[in-house]
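As structure tokens, the structure follows; a few thoughts come after it.
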Amino acid sequence: MATIECEQPQPDLYKFVGRIIIYRSNQEPVARSLGPENLLLKGATLKNTKKIYGVAVYTGMETKMALNYQGKSQKRSAVEKSINAFLIVYLCILLGKATVCTTLKYVWQSNPFNDEPWYNEKTKKERETFKVLRMFTDFLSFMVLFNFIIPVSMYVTVEMQKFLGSFFISWDKEMYDEEIQEGALVNTSDLNEELGQVEYVFTDKTGTLTENSMEFIECCIDGHKYKDCISEVDGFSQTDGHLKYYGKAEKSREELFLRALCLCHTVQIKEADQVDGLMAHPERKYTYISSSPDEIALVKGAEKYGFTFLGLENNFMKIQNQKNETEMYQLLHVLNFDPVRRRMSVIVRTTTGKLLLFCKGADSSIFPRVQQEEIQQTKVHVDRNAMDGYRTLCVAFKELTEKEYDKIDKQLNEAKMALQDREEKMAKVFDDTEADMHLIGATAVEDRLQEQLAETIEALHAAGMKVWVLTGDKMETAKSTCYACRLFQTSTELLELTARTVGEGERKEDRLHELLLEYHKKLIPDVPKHRGGLKRSWTLSQEYGLIIDGSTLSLILNPSQDSGSSNYKSIFLQICLKCTAVLCCRMAPLQKAQIVRMVKNTKGSPITLSIGDGANDVSMILEAHVGIGIKGKEGRQASRNSDYAVPKFKHLRKLLLAHGHLYYVRIAHLVQYFFYKNLCFILPQFLYQFFCGFSQQPLYDAAYLTMYNICFTSLPILAYSLLEQHISIDTLTSDPQLYMKVSDNAMLQWRPFLYWTFLGAFEGLVFFFGVYFLFQSSSLEDNGKVFGNWTFGTIVFTVLVFTVTLKLALDTRFWTWMNHFVIWGSLAFYVFFSFFWGGVIWPFLKQQRMYFVFAHMLTSVSTWLAIILLIFISLFPEILLIVLKNIKEKNHQAGPFDLPVLVSYKRIENGYVKAEDAVTNLAERYPLRIP
């Protein structure tokens, strides 16, 4: 029998504090600590364990997965904000129309004959009605009559477009990775168009820019370098040559170092499955598994030098030494790695009873904890390896006495049993334990760059995006990676704000202030003044790159009260925004989010994108406007918390330059088109009130009012918003400068909005007055009969439906069978519905006002001619504008093909172009000019 005591439900997946108290007959209760290693989450799989016995501690909405559904910030795209602004304009138009009609109605009725003609006398009740109340009800009646100008159906169409459009990302075969057998994933479809507006890209380094596939390169023991010619093939070791020693440490120190690599880790052994037939590698009957690829690389590195880890059995770690002898070490405690300490340790007991603590971690966390005279000889190798782009770890040890161990054991057990502040207590014990150690050496592990990384970053730069690298690695390692992936060019002048340049001591804030002012003075005068701002034209005559580390960033974001440096952040931000690339190293996860938030909240609210692969990247992924997770080797925390997930960094190029560009163009056109077609729809209704005594008489039949947005004009724009490719995907991917043509929400600014509004107003005027002048003829039929008001409205509605549908056909550049089907099908359906609706006497209708109206209308040749002529007149300005623009493009375009021109496309001047020949050639072939 046992009871479990644990903390209240909380959403952190990697934290759990509890204890189990076991009651046995005639014995004292025994308490055991419970931690995150004892908690199985949803989706967990057992490895090397046949079965477990478990008990549910949290259920229902108290589970960690359920609690993680909450608290995610709502992200809204720039398109949604533009829609709201446009909606306010159209709401004002609606209120204005209703107010004008209500006012003019009472002006018109001020004449007694108009107010109460002899054939329509008012009742006693109508005469006694309070005038203000009548005016209010009339105002509401006009609001109802004109309410169709508000495109309510647009919101439904936009949501359908976003949801259905997101499948194109998931279905993209070029974004499918054969290695992990997965493609891109869309966690939210609300931000599709935001992918086409990104200005800042914040990226992690390890696992995002690199493969996170570690390979042991070399090590250093007591300052002596050890390197061999060994390559890894399919995870198995093959020695191609003799070991190369650069000097040699004592044999005992070599063995101590290799034993540390074999013991200080959390690697597990997985036995190979039993299979019949020949095995490719019969000598290897097991594989290593671990949460970190670094640890596997180090264990394999020790194996190359003759020390092999054989696994953990009954709390005893087994290793095989160079003499093929098996050594047993009792594992007493594991001091787990965490991103704050940046190290991990184990305490083991040898068969002779000796107690040893082995520790490995980042140099910044190990060096302060070892004897200072041992550091220099190893530091030289660590710095050189970091400059070469390798990931470095330092290894240290210390021997414990029984008394020291008993004290540590007691403190650890007390901390583990604590239900309150367990983590803080354990961190203090870890800190005290990992002190006064002796440095043995260091390791160098290579993390290869991802394929097509340099090309992708160059494309993002050419598209006008700034790429910032936010990493927890050493400055030298990260800097080398930035050069390798061409984030920094050889011509880039680097500005450093690090502990090395700022220095230590009391004057470091003064020195930081001096550097900030110096860099600010160097950057700001070089910026040319362009009309309309500098959001995309940010290139300077000299390219600058900025490097900053976590400690200096803390000084900038959190200056001391007496420093008088409250403007640090402002100056620093101005410097960052003028640099072509920024590298932030030694960053804590929270600092990554602070950097993103700082840029996101600058003037102009630039669109930010964060991309990472690990749990330490989740904070910046959630903070950015668009968060992208890499399906890497550090678990699925990043991809689970992201808006989009892709297998590799290279897929970001197509996701932004092709999918993002097209999604934005499609939805921007959809929004403008909806406002335009609803204005065309309601303006004739408004004008009709001037000819019907402002009596709220509808121009269109109720069926037409209902079906206009639902059936007659909805499918063509939905198909357009899903399938349109005004420029081919290959062209968009190969010519990144095209991305800048829709930057800064170019197609949803006030200028294109006013263009669409005036176009809708012009066509509405043509529809109404064109038919009005047609009806000036005393007779439209051979028998001398005249058409009525429902025929008038039906002619206007017919011209309206055909014009707005053909307008969309003119805008379509990429025709598919579906576009043809919905465009011509919608027109055919309108004609069919009109014949059907007016060809039957419907028993549920009190008035058969549309009976035979449509069929009778088409018997007049004048009507046919008027419909065709009015459609042509309405579309003529649009056709003329397209022809003139295409002629102008052909006169100036030197490329092998012509790019279609969208009315609301933005022109670019002084767009950012890289110095490389490939991008320069593209710029020469497809110049972007302001007329």
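Using N, Cα and C of the backbone, Cβ positions are placed for all residues, glycine too.
Unlike curated entries, TrEMBL annotations are predicted automatically.
The following features are taken from TrEMBL:
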TRANSMEM  139-158  transmembrane segment
BINDING   D204, T206, D613, D617  Mg(2+) binding site
BINDING   D204, K205, T206, E295, F337, K360, R391, T471, G472, D473, R586, K592, N616, D617  ATP binding site
ACT_SITE  D204  active site, 4-aspartylphosphate intermediate
COILED    398-425  coiled coil
DOMAIN    640-887  domain 'P-type ATPase C-terminal'
TRANSMEM  703-723  transmembrane segment
TRANSMEM  753-775  transmembrane segment
TRANSMEM  787-809  transmembrane segment
TRANSMEM  821-844  transmembrane segment
TRANSMEM  864-884  transmembrane segment
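Comparing 139-158, 703-723, 821-844, 864-884 for CB pairs under 8 angstroms to the transmembrane segment (787-809), the maximum falls on 864-884. Recorded stretches compared: 139-158, 703-723, 753-775, 821-844; the one with the most Cβ pairs under 8 Å to the transmembrane segment (864-884) is 753-775. A separation of roughly 9 Å, to the nearest angstrom, links the Cα atoms of N616 (ATP binding site) and D204 (Mg(2+) binding site). Distant neighbours of the coiled coil (398-425): 5-7, 15, 17-19, 31, 33, 35, 332-333, 347, 354-357, 432-433, 436-438; these residues of the same chain sit at least 6 beyond its ends, with a Cβ under 8 Å from one of its Cβ atoms. Within its own chain, the transmembrane segment (703-723) has Cβ neighbours under 8 Å at 148, 151-153, 157, 160-161, 164-165, 168, 666-667, 669-670, 673-674, 677-678, 681, 793-794, 797, 801, 804-805, 808-809, 811-812, 814, 816, 818-819, 822-823, 825-826, 829-830, 833, 837, 850, counting only residues six or more beyond its boundaries. The binding-site residues recorded for this entry are F337, R391, G472, R586, and the Cα of G472 lies nearest to that of D204 (Mg(2+) binding site). Annotation for F337 (ATP binding site): same-chain Cβ neighbours under 8 Å, separated by at least 6 residues, are S292, R343, M344, G361. Counting only same-chain residues 6+ beyond the ends of the transmembrane segment (139-158), those with a CB under 8 A from a CB of the stretch are 83, 87, 90-91, 93-95, 97-99, 101-102, 667, 670-671, 674-675, 678-679, 681-682, 685-686, 689, 696, 698, 705, 708-710, 714, 717-718, 721. If you compare Cα positions, D617 (Mg(2+) binding site) sits closest to G472 out of the binding-site residues R391, G472, R586. G472 (ATP binding site) sits 9 Å from T206 (Mg(2+) binding site), taking the C-alpha atoms as the reference points.
Cα of R391 (ATP binding site) to Cα of T206 (Mg(2+) binding site): a distance of 10 Å. Counting neighbouring Cβ atoms within 10 Å of each of the binding-site residues (T206, N616), the lowest count belongs to N616. Annotation for R586 (ATP binding site): same-chain Cβ neighbours under 8 Å, separated by at least 6 residues, are S364, G472, D473, K474, M475, D549, G550, S551.
On the 0 to 100 pLDDT scale, the coiled coil (398-425) averages 87 in the predicted structure.
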